[in-house]
Amino acid sequence: PQGIGSPSVYHAVIVIFLEFFAWGLLTAPTLVVLHETFPKHTFLMNGLIQGVKGLLSFLSAPLIGALSDVWGRKSFLLLTVFFTCAPIPLMKISPWWYFAVISVSGVFAVTFSVVFAYVADITQEHERSMAYGLVSATFAASLVTSPAIGAYLGRVYGDSLVVVLATAIALLDICFILVAVPESLPEKMRPASWGAPISWEQADPFASLKKVGQDSIVLLICITVFLSYLPEAGQYSSFFLYLRQIMKFSQESVAAFIAVLGILSIIAQTIVLSLLMRSIGNKNTILLGLGFQILQLAWYGFGSEPWMMWAAGAVAAMSSITFPAVSALVSRTADADQQGVVQGMITGIRGLCNGLGPALYGFIFYIFHVELKELPMTGTDLGTNTSPQHHFEQNSIIPGPPFLFGACSVLLALLVALFIPEHTNLSLRSSSWRKHCGSHSHPHSTQAPGEAKEPLLQDTNV
């Protein structure tokens with residue numbers, strides 16, 4: 001058999017760490033190249049690039065998940081990692097091709113879906129919580145450390161060295177999959193005919209969303225997720241660019257911000273979430289998380305000083321408890337045979353937001369004329385000690401208009417979440433959907449076949 005040893009969670013952990021460590025190194029160089037390539041409409045183009053990538057990932061994830069059930073996980077780990085990392089060396093070769101390939105790579109940028117399918121193959125039900133938690137922690141750890149390392153190397157040795165190092169780590173990841181990662185899906189689990197098992201129902205990215213309106217409680221939960229995650233997805237795509245170019249953070253300050261936010265988020269999603277769930281209950285935890293998110297986005301929107309961004313970042317870490325709490329509410333109220341269906345709906349909503357959010361934020365920045373008028377400051381300038389200079393039109397009263405729009409969206413989500421009952425049973429009126437899930441889902445997993453297996457949505461103990 002190919003690979004070193006038997007399949008284990010540690011194989012998946014190493015694959016995830018190397019891939020996102022390589023991309024994390026490019027955090028600071030990407031912000032500079034983005035402005036140099038699109039000097040007039042930086043935020044708009046950033047939103048379009050990330051939006052196209054997110055929508056393509058949403059459309060392709062179910063098909064890749066279904067194909068991996070037939071052809072095995074290893075080949076699709078190799079495929080997703082290769083295409084996700086393919087744009088890296090193009091940053092210094094051709095920035096235009098770099099951003100074009102990033103957009104198109106969204107078709108295969110679903111490594112997490114394949115990794116969690118890999119983990120599901122090799123773990124029992126009672127082990128899966130710990131395994132998913134380990135993968136999630138590894139992902140967070142790679143992004144906590146790598147932006148700071150990339151910013152330091154870029155300042156001392158230049159961005160070209162950072163790109164070369166990131167390319168080398170991506171190649172190391174590909175070689176590791178080829179040489180060391182064994183196949184997790186046993187030969188006997190694969191269908192005899194490769195073409196027959198793949199149907200449009202399995203590859204349809206909107207399959208889970210079509211069931212949203214069949215239960216009023218599911219509808220309330222999905223509306224809450226959509227209204228709250230849409231601004232969060234847009235914020236992820238543009239916030240570090242906003243810090244770098246509008247708030248005049250240095251590369252080191254942006255890297256430190258990512259590290260502090262990551263560490264605080266890990267603490268919030270483990271210790272704080274557990275305490276809140278036991279003390280104030282599931283629904284109140286969701287409402288509290290949405291309240292923190294409103295405060296954070298409003299602070300980002302009206303903040304004009306670097307210290308305000310740091311303070312709002314601490315609040316953002318607390319707002320990260322919302323989605324684990326939503327997942328816990330679903331897992332406790334849904335029937336056993338409905339878990340995969342409802343979780344699949346939530347994941348589908350989030351995938352759709354990953355495409356719509358960045359494009360929406362970029363468009364709002366554009367219509368409010370928030371554009372950079374000069375090159376960002378060098379890495380030797382300390383952004384936290386420099387007064388921010390807003391190089392956009394003077395008629396823009398609000399420093400960050402998309403963040404204020406996001407706060408309004410989350411406020412609507414909070415109002416909708418008030419009507420979600422604390423204890424109820426979700427019952428989707430679709431026997432054919434149950435049969436479809438039961439016939440195509442993995443024997444070791446309760447998830448729908450097209451579901452992107454995100455850790456915070458899959459298991460409430462993470």
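Using N, Cα and C of the backbone, Cβ positions are placed for all residues, glycine too.
Record features, source TrEMBL:
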DOMAIN    8-425  domain 'Major facilitator superfamily (MFS) profile'
TRANSMEM  12-35  transmembrane segment
TRANSMEM  47-68  transmembrane segment
TRANSMEM  75-91  transmembrane segment
TRANSMEM  97-119  transmembrane segment
TRANSMEM  131-154  transmembrane segment
TRANSMEM  160-181  transmembrane segment
TRANSMEM  217-234  transmembrane segment
TRANSMEM  254-277  transmembrane segment
TRANSMEM  284-302  transmembrane segment
TRANSMEM  308-330  transmembrane segment
TRANSMEM  351-368  transmembrane segment
TRANSMEM  403-420  transmembrane segment
REGION    438-462  region 'Disordered'
Out of 12-35, 47-68, 97-119, 254-277, 351-368, which stretch has the largest tally of CB pairs under 8 angstroms to the transmembrane segment (217-234)?
351-368
When counting Cβ pairs under 8 Å to the transmembrane segment (308-330), the leader among 12-35, 160-181, 254-277, 351-368, 403-420:
254-277
Suppose I define contact as three or more CB-CB distances under 8 A, residues 6 or more apart in sequence; do the transmembrane segment (254-277) and the transmembrane segment (131-154) meet it?
yes
Region pair the transmembrane segment (403-420) / the transmembrane segment (131-154), three or more CB pairs under 8 Å:
no
Stretch in 47-68, 160-181, 284-302, 351-368 most in contact with the transmembrane segment (75-91), if contact is a CB pair under 8 A
160-181
Taking contact to mean 3 or more CB pairs closer than 8 A (sequence separation of 6 or more), are the transmembrane segment (47-68) and the transmembrane segment (351-368) in contact?
yes
Excluding the flanking five residues on each side, which residues at least 6 beyond the ends of the transmembrane segment (160-181) place their CB within less than 8 Å of a CB in that stretch?
3-4, 7, 11, 14-15, 18-19, 21-23, 25-26, 28-29, 74, 77-78, 81-82, 85, 88-89, 91-92, 150, 153-154
